Amino acid sequence: MQFISRQKKLGPHSQTEIYGQLVQFYGQPPLENISLSEFETFAVERLKLLKSVENLGVSYVKLSEQYNNKLHHELKNLNFPYKSETEDRKSQTGPSEHEKRRKDHISHFILRLAYCQTEDLRRWFIQQEVDLFRYRFTDLPPEQKLELLQKNNLQYHAISAEEKKALSGKLVHSSYGGSGIKVEDQDFYKVPFQDALDLVRARKVYLKAGYVYIPQQDIVTIVLNDFRTRLSKALALTARSLPAVHSDERLQPLLNHLSHAYVGQDYSIQKNVGKISLEQIDSLSGKSFPLCMRQLHQNLRENHHLRHGGRMQYGLFLKGIGLSLEQALQFWRSEFIRGKVDADKFDKAYAYSIRHMFGKEGKRTDYTPYSCMKVILSNPPSQGDHHGCPFRHSDPELLKQKLQFYKVSPSGISQILELVKGMHYQLACQKYFELTHNIEDTTFSLNHPNQYFIESQKVLGGGKDIKRETDTPQRSQENSGRGSTAAREAAAAAANAPQHLAEITEDLDSFFQDA
Amino acid sequence: MPCSDYDPASLPDLLPLYYRRLFPFSQYYRWLNYGGVQKNYFQNREFSFTLKDDIYVRYQSFTTQNELEKEMQKMNPYKIDIGAIYSHRPNQHNTVKSGTFQALEKELVFDIDMTDYDDVRSCCSAADICSKCWTLMTIAIRILDRALREDFGFQHLLWVYSGRRGVHCWVCDEAARKLSVAARSAVAEYLSLVKGGEETVKKVMLTEPIHPFIRESLVVVERYFPRYALQDQDILGRKESVDKVLALVPEDVRKDLQQDFQNEKKPETRWKLVKDQASKKQATAKKFQHFEKEIMLQYCYPRLDVNVSKGVNHLLKSPFSVHPKTGRISVPINLKELDTFDPFAVPTISLICEELDRPRPGEEEEKSEETKEKENEKDAAERWKIRDYKRTSLAKYVKHFDQFLDGMARAWKGELLRKSDLQKEF
């Protein structure tokens, strides 16, 4: 394995160098021997950490106080480094700071192996690692920030006082409002806009002739950008050396399981293909579809058309609940030809993309239904679109009207709107589920429109409908009552050294279904 | 002028003539070859053709201008799209190992389509346009052109009429062509202000402080708003359209304005009432209030199709392609004449083909010239083609394209010099 083979080349003192700081750029791979059990524990715990980072990022505004507190808590619980050394010395229990930093380091590299394989995995991993890094970097005291930047050769040059004066009017109007820091008191750094994309995207920086002028307080963006670029390159390199790692039969199954864990259940396995008839869809859409799909269905029936984003979101959902390719083609055709599209045009322009969804065209990937996260975060609806998450992408006033129309009680509506206001879109949807299914507390944590459907069918159909569903979600039901307990058990199991691998990975599966 | 006489059924007869005698191949090649600064730049570019009956052929590529010419004259595509520059020749994409065939570079492109404005224009809907709503495209070009040049520092922007209901922008600077997907999406989002689909009423939300980019854009919008929105679209005239505007103001203000509007019918005065309410609100309310600006932006601000700009491998209709429905040629727009640009005056394929057949003063003279040059036939054919388009209404658009290319040539000349200097050093 690569960790071992390189060990002899470098002296052991390079390690203390690496662990000298709380936050790392992960420039050096770990060079020591580690036991298989440690390998597993580290990997599982980092994955749990990254899962938390992802979940917190959806539920809270990043870097808000709540977000920071929760993430801080999470780091502490999972024994990852989280505060400056001095603070840690006070507490005598638990692993030492050095051990935590070592774990941080090694676990990051293990997950690189698991997450370098596909574009999707890389994107997810980079996103979570970047968010984690952002939190930790922001949390550092200023002098440590500077030290970190210096050690990693990241130095920026501030613009001159004259230049600053000439631009001051523009600079004032370009950075965060109400921060109270005056332009005169602050250094500004001029860098190419490509190095600060997050600030450009959000229009939080002054941009002129291809250069951005970044105030000292926002320097983290360039650092993050750099971190992201390095990580992305490193993953591409790791992917190339992967065959060597995969030849190790001890690691390969574990790595595969780790990488499958991030999406949770993907609802693409169709054991119930063809069990749903097209006539059922109208009534199912009222009873068991989440609001996003109900909205798409309704608009499709009304306008006999959906734009691309809507067709993808709704089409894959329908595939997930069990429509066969033939049914899907029939469903879309019969609706579209009632509108402006004739049968010939449908076959030429739309049938392809439906077959594509089912993996019958193009690169023949069997596409998986969109998760809540994907619906909420990617490809927001624009003019003419009906897709997206109604809790995220509707005006509160319209959402309210819609909920009233669907006969949700006034108190229920205000509860939902409160959750929406706090940006808890998935919780709002879950509340909607509870209200429309007349149950007090749902025992699952909603993260997928198809999960909503399955759970709804369970509630409504009693035993009858459940049998139709896939096996795995059923298992998640068994586990769901003890959600976090299962997680802890999985972690504990992984921590116990000579556990059989199959058991560990199975526990992992159940953990990530609940997560 | 018979320009409106285009009949889609005649397209198969006209296209061969167009590709044989009128399409500006040499300029087209000059553009996409980018001075030959980078090796295989033209060879690895994807073209895609739409043929008769919507047959779609992707991953076409050509090694030389001559090959491109021959192929287009053979296939006579109804529509031509331009894609990315790939790691390998696109027409051989099946022969390379999967995963290694990758889109590397492309111009940064923007696509603005009038259908995206359907909720704020009352004159037309869907694919229809008129001179009233065309102002929206003028505003879009003004705002984006300024921002891409001044904010992002790009210089080589080619604006093109799509042939039907929208405009495209090709940012051809080297730096733009090399942008990553993340950078493209950041640029597109920086430029997007109108957000939300059918489930969102208020689509523009400003926050404090107003970014210089938005201020600059507002300057443009304010210039066109009274004429375009208040007069041409009459957004404060009929009751339904008034209600749509009032849905965008805070509730208390809405009631006041509804009252005021009872006694005041003139749109300009009504708009003044809205503005007065806004400044009143700004003076008193603690919360940031700029609903009058938000209304103007929602009605006039450019609506980009972000997905087109994001992807490196996204295809976009090529300049000088024919729009099969309208027959109009997709022509570059000269920004110096932007305010008088009339999409309905853009020549159709039937018009320019007809112009070719018209006798012209000085015709004889040229004919005798032609006989002199008969020995060098290929050369003569080349010259003829150049003269041919010059005899049609296409000429001024090709001329503008030439000027655009001259500007870029100056840039790549510098680049070539720099490269040869570097070589000498070693």
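Note that Cβ sites are derived from N, Cα and C of the backbone, with glycine treated the same way.
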Given TrEMBL lists A:CYS372, A:CYS389, A:CYS429 for [4Fe-4S] cluster, the same-site residue among A:CYS116, A:CYS292: A:CYS292
Neighbour tally for A:CYS429 ([4Fe-4S] cluster binding site), based on other Cβ positions within 10 Å of its Cβ: 26
Least surrounded among the binding-site residues, given as A:CYS292, A:CYS372, when other CB atoms within 10 Å are counted: A:CYS372
Mapped DSSP class for A:CYS389 ([4Fe-4S] cluster binding site), helix or strand or coil: coil
Neighbourhood of A:CYS389 ([4Fe-4S] cluster binding site), C-beta criterion under 8 angstroms, separation at least six: A:CYS292, A:CYS372, A:VAL375, A:ILE376, A:TYR425, A:CYS429
